[in-house]
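Enquirer: Here it is: the structure, laid out below.
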Amino acid sequence: RLWPTVTPISAICFAAAAQAFFWKRFRLPIGATTVVLALLIGEWINRYDNFWGWTFFPINLVFPSALVPMGFWLDAVLLLSGSWLVTALIGGLGWGLLFYLSNWPALAQFHQVTELDGVLLTLAD
């Protein structure tokens with residue numbers, strides 16, 4: 001129940017730390033995207049080994065790719081503004097708002113209409 005609030009807050013910590021390192025040392029606004037892609041690879045290895053390899057949980061119900069658009073957003077705000085303050089305010093706000101929107105493509109397959117005992121439901125219900 002807490003995934004819409006806890007996940008973006010905990011995920012932005014890694015992205016912000018890497019973005020600060022890459023921007024301060026190399027002046028490259030790729031820190032958030034790099035960390036998000038590394039986290040994506042690590043999560044896919046974890047999900048495949050633990051969900052599918054261990055318990056045979058359906059792999060289409062597990063999607064860590066929701067963080068990629070948010071990493072692109074954070075790096076784009078830093079690239080365009082060049083300011084830590086603007087990146088923290090606008091980038092952080094966009095990070096939280098994009099979390100909800102980036103889950104829609106992965107969850108769209110479960111919003112199909114089905115009928116169960118005469119009641120019209122979606123597969124997500």
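Going from the start of the chain as shown, residues are counted 1 onward.
Yeah, the Cβs are placed from backbone N, Cα and C, and that goes for glycine too.
For reference, TrEMBL lists these features for the protein:
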- 6-23: transmembrane segment (TRANSMEM)
- 28-45: transmembrane segment (TRANSMEM)
- 51-70: transmembrane segment (TRANSMEM)
- 77-101: transmembrane segment (TRANSMEM)
Enquirer: In the same chain, who gets a Cβ under 8 Å from the transmembrane segment (6-23) while lying at least 6 residues past its ends?
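Expert: For the transmembrane segment (6-23), the list is 29-32, 34-36, 39, 67, 70-71, 74-75, 78, 87, 92, 95-96, 99.
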Enquirer: Same chain, outside the transmembrane segment (77-101) by at least 6, Cβ under 8 Å from its Cβ: which residues?
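Expert: Residues 4, 7-9, 12, 15, 19, 23, 29, 32, 66, 69-70 contact the transmembrane segment (77-101) from elsewhere in the chain.
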Enquirer: Do any residues, 6 or more residues outside the transmembrane segment (28-45), come within under 8 Å Cβ-to-Cβ of it, and if so which ones?
Expert: 11, 14-22, 64-65, 67-68, 70-72, 74-76, 78-79
